[in-house]
Each structure stands twice: as structure tokens, then as C-alpha cells.
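According to TrEMBL, the protein carries these features:
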DOMAIN    A:49-231  domain 'ABC-2 type transporter transmembrane'
TRANSMEM  A:16-34  transmembrane segment
TRANSMEM  A:46-64  transmembrane segment
TRANSMEM  A:93-116  transmembrane segment
TRANSMEM  A:128-147  transmembrane segment
TRANSMEM  A:159-177  transmembrane segment
TRANSMEM  A:216-234  transmembrane segment
Amino acid sequence: MWGYVRLELTRSVRDGGYVIFGIVMPVVMYLVFTNLGLAPGDRHDAAIYTMVSMAAYGALGGAFNNGSGIAEDRAAGWLRQLRLTPLTSAQVVAGKVVTGAVAVVPSIAAVLLAGVLVNHVTLPPQRWLAIVALLWAGTVPFSLLGLGNGYRLSGQSAAMANIATMLTLSILGGLWVPVENFPSWLRAIAEWTPSNSYAGLSWRIAFGDVPTLRQVVLLSAWLLVFGVYAVYGYRRAGRRA
Amino acid sequence: MTTKTADAVSLTSATKRFGPVRAVDGLTLAIPRGQTVALLGPNGAGKSTTIALLLGLLPPDSGRAALFGLDPEEAVRQGLVGAMPQEGGLIPRVTVRELLTFVSGTYAAPLPLDRVLTLARIGDLRDRRVDRLSGGQAQRVRFAMAVCGDPDLIVLDEPTAALDVEARREFWDGMRGLASQGKTILFSTHYLDEADEHADRVVVLGHGRVIADGTSAEIKRAAALTTVSVTADGESAWLSTLPGVRHMEIRGGRVHLRSGDSDATVMALARAGAVRELEVVPADLEDAFVALTAKENA
């Protein structure tokens with residue numbers, strides 16, 4: 001299975017979509033937002049808040065891109081080829097999930113590093129640890145949603161669906177513009193999105209608060225929904241492969 | 001049944017329907033270890049579906065598939081099988097070496113990479129990206145994926161479809177090497193000459209059923225594969241009674257005799273002095289197939 005993970009990571013690194021959506025764009029947007037005064041609050045707070053937003057945005061890009069790869073693989077006959085190797089299907093799915101989990105690390109790391117090196121963000125070590133852990137673990141629901149799309153849809157439409165979902169969740173979840181600036185009706189919707197809960201956990205930690213119960217419950221509920229969706233997609237794909 | 005003695009491939013009354021079409025229709029086939037078997041038939045005969053059933057890629061609607069006495073999925077999991085589907089299996093953004101290293105790594109006792117590269121004649125392609133290969137090069141890489149785990153059973157679905165004549169010859173040279181190591185090889189083709197030259201045994205499929213099964217000489221005899229034609233002089237009904245002749249047809253003054261033993265037929269024609277504009281044409285698969293199905297329906 002680790003051979004599979006290594007192969008998939010090699011492919012990700014050479015994938016322009018992953019590098020652009022997952023790493024380059026979030027960092028560029030972060031630096032633009034914070035240094036052109038587009039982010040709210042005082043400069044240091046803005047640098048922290050937007051750092052979490054953009055790391056979350058990049059992680060979403062990495063997580064969804066991983067799912068798009070599945071549709072591409074199925075179209076190429078690669079899923080069938082994998083079924084003809086001694087790898088079990090559980091190993092293949094686990095390998096893909098692990099790949100997704102590893103693939104979001106550079107996205108998160110790049111934005112956090114930009115925060116430290118360019119915007120001189122300083123936080124106590126335990127807050128750094130908690131933010132990294134939550135940003136990382138919180139990508140699982142999005143990975144599952146991306147995989148579900150990848151299993152259920154064909155190559156091009158899966159990629160489109162994943163990019164559209166990723167952008168919708170990023171914007172609606174307040175990763176680009178804080179939900180405080182939304183009209184109240186939109187804000188009411190935004191606060192139910194998984195992306196808002198996901199980034200919300202780390203926003204709270206970054207400013208020394210404890211995540212709210214609502215955020216934890218909401219993200220867990222979405223995890224369940226997207227998990228069921230991914231399993232459903234995989235079963236359907238298995239019948240056709 | 002133990003895995004030590006079981007047939008490499010065993011299909012028992014396997015049936016697979018796609019909607020109203022019976023792609024595989026009560027097919028029974030056993031292949032002992034070490035045989036090289038050609039699965040021969042025109043497009044739509046059920047070759048690929050048969051292969052998908054025996055590899056466990058599709059579940060049969062009824063009947064049973066087994067490899068080495070095991071459930072196909074289990075045999076694949078134990079690394080006993082290497083397979084090359086008709087198309088696909090190559091992914092973008094990896095090199096030939098990276099791809100083969102990965103596939104080899106999933107098997108317990110794979111061949112050394114250099115040996116695989118030599119066997120598939122892709123040593124010079126090792127650092128090329130898989131998505132930048134020509135059709136023939138890609139086909140060789142796909143073949144390498146099937147054999148790199150050193151499996152006991154190698155299943156190839158139309159392995160030479162994308163190859164030119166020279167590449168085809170080189171491909172079969174490599175296959176002979178594998179067969180001589182005692183591997184069981186099953187390949188499908190719609191080229192009769194390939195089945196003829198490279199298989200110990202030919203299984204002819206039509207409409208999802210086995211319609212002939214034997215050595216290529218036996219198949220040719222059964223199919224009355226050769227057409228002997230002469231220009232007719234006067235009454236010619238007696239020609240149909242010549243040795244080997246199975247079927248006679250008269251078109252535009254020419255008599256066409258389909259013969260299961262063309263040597264005997266020609267000798268008899270010569271003795272009778274009826275060799276005006278003699279022509280001997282080995283039939284193609286289409287003719288053989290028509291002959292075999294006609295016989296089956298009779």
C-alpha cells in the first residue's frame with residue numbers, strides 16, 4: 001500500500017492542478033489579501049485570521065483534487081489494473097485516503113510558512129500545534145466528498161464538480177471573505193457549511209478561544225454524510241469497473 | 001481440490017448477461033497448468049467477457065470461475081495471476097520505471113526490473129513518461145505490467161492489437177520464453193495465424209459458447225478451412241464426392257470446394273485431370289467461424 005501512496009504522491013506533485021489550486025493560489029491570495037489591506041481587523045490579527053482561511057482553502061484544493069484523480073484513473077482503466085494486482089480494494093481505497101491526507105500537508109504548510117516568514121505571525125507553540133492538527137484532520141470530510149464525486153462521476157465532470165464544490169465551499173464558508181461581512185441571510189447559510197466549521201475550529205484556537213460545540217458537531221455530521229456518499233460512490237463504481 | 005493440482009483456469013457453466021444479450025452463455029473451460037491457449041473468435045464472440053469472468057472482474061450470473069482452485073480474486077491477491085486487459089491501465093505523470101516498480105512491489109516475488117524491461121523490450125523507455133509513449137510502446141509497457149510479478153498464469157486480451165508486424169513477431173518471441181518456463185498463458189485474438197502458430201490449444205468462441213476446442217490442426221480440419229477452386233467443364237456434381245470435400249458451391253463457372261484435407265482434394269483433382277485454373281486458398285477466420293457455427297446449428 002505504501003508503494004501505491006508513493007506512486008500517487010509522485011503523480012500529485014507533477015499535477016499542475018494540484019500545485020496551482022492547492023499550493024500556489026492560496027499563498028498568493030494570502031499575501032495579496034494581507035498586504036493590500038483587504039483583510040479585516042488590525043494588521044497582525046488579519047495576518048493570523050487570513051492565514052488560517054487560506055491554509056484551509058489550500059487544503060480543500062488538495063483534498064478535492066485527490067478525488068478528481070479517481071475519476072481520471074477510472075477512465076484510464078487504472079482502477080481495473082489495480083484490481084488485477086495483489087492489492088485488495090480496501091488497500092486501494094485506504095491508499096487513496098492516505099494520499100489525500102498527505103497531499104494537503106504542503107498546502108497547509110505553505111500558507112503557514114508564508115504567515116511566519118512574510119507576515120511575521122507569532123503564536124504560542126501549542127496554538128501552532130493545535131491549528132496544524134485541526135487543519136489537517138479536518139480535511140477528511142472534504143476528501144471523502146471529493147472521492148465520492150470521483151467514484152460517481154466521469155473524468156471531466158468529476159473534476160468540474162470538485163472545483164465548483166471546492167470554490168463554493170471556500171467562498172460560502174467565509175475562507176475568502178469573513179462571514180461577518182456577508183448579508184445576514186447569506187451568513188445564516190454560511191454558518192451551516194462544513195468549510196465554515198472546519199476553518200472556524202482553527203480561527204477560534206488562533207485567537208486563544210476553544211472551538212464551539214456547534215462547530216465540532218456540525219463538522220462531524222458532515223463527515224458522516226460525506227462518508228456515506230463516498231461509500232455509495234465506490235460501490236457504484238465497483239459495479240461498473 | 002488443492003491449489004497444487006487444480007487446473008490453472010476453470011470455468012464451469014459460466015453465464016453473463018448484459019441486458020438481453022448473453023455475452024457468455026453456459027461456458028465451460030478447463031486449462032491445465034503449463035498450456036498456452038488461444039481464445040479465438042470474432043468481435044462480439046464473448047472473449048473479453050470470458051476473460052473478465054475468469055479474472056474475477058465481473059461476477060458470473062450463474063456458474064463458477066476458479067483459478068488454481070481458488071476464487072479468482074483470491075488467486076489475484078496471492079500474486080498467481082498477471083493480466084493485460086484489452087485497453088487502458090496506463091496513468092499520466094509517471095515514468096515507465098516508477099509504474100513498473102510500483103506494480104512489481106505489490107507481488108511477493110517479482111522479477112528483477114531489468115529482466116522485465118528486457119522481456120518487454122522497453123529498456124530504452126525506462127525514464128520516459130507513460131503518457132508520452134506511442135501505441136506500440138504503451139502496449140509493451142502494459143505487457144510488462146502483466147508479467148513483472150512473475151505470475152504462474154498470464155492472461156492477455158488481444159495483446160498484439162496495436163502492434164505492427166515486426167513488433168508482433170518480437171512479442172511472440174518473448175511469449176515463447178515465458179511458455180518454456182512452464183507458465184500458463186491464455187490469450188485472446190481474432191487472428192487465426194497467431195492462434196495457429198503460438199498456442200498449444202485453440203478454443204473457438206461464438207455467441208458466448210465454446211464451438212471448437214483442440215489443436216490448431218484439429219480446428220482447421222473441423223472448420224474445413226481451405227477452399228480449392230477450379231474452372232468447371234460440364235457436369236461437376238461428382239466433385240463434391242472427392243476426398244476431404246465438405247461443401248461445394250458453383251459461381252460463374254467456377255467450382256469452389258471447401259475441404260478439410262486440401263492435399264487429398266488436390267491430388268484427386270489432379271488424377272481426374274480437372275485442374276483447370278486450380279486455386280488453393282486457406283480460409284480466414286471469418287470463413288472458419290461461419291463454417292463452425294453452421295456446423296453447430298445443424
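Using N, Cα and C of the backbone, Cβ positions are placed for all residues, glycine too.
Values in this document were obtained by computation on a predicted structure and should not be read as measured data.
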Candidates A:46-64, A:93-116, A:216-234; stretch with most C-beta pairs under 8 Å toward the transmembrane segment (A:159-177): A:46-64
Distal contacts, the transmembrane segment (A:216-234) - CB-CB under 8 A, six or more residues away: 93, 138, 140-142, 144-145, 147-152, 192, 194, 197-198, 201
Intrachain neighbours beyond the transmembrane segment (A:93-116), with Cβ under 8 angstroms and 6 or more residues off its ends: 1, 4-5, 8-9, 12, 18, 22-23, 26-27, 30-31, 47-48, 51, 54-55, 58-59, 61-63, 65-67, 70, 87, 122, 128, 131-132, 135-136, 139-140, 143, 146-147, 234
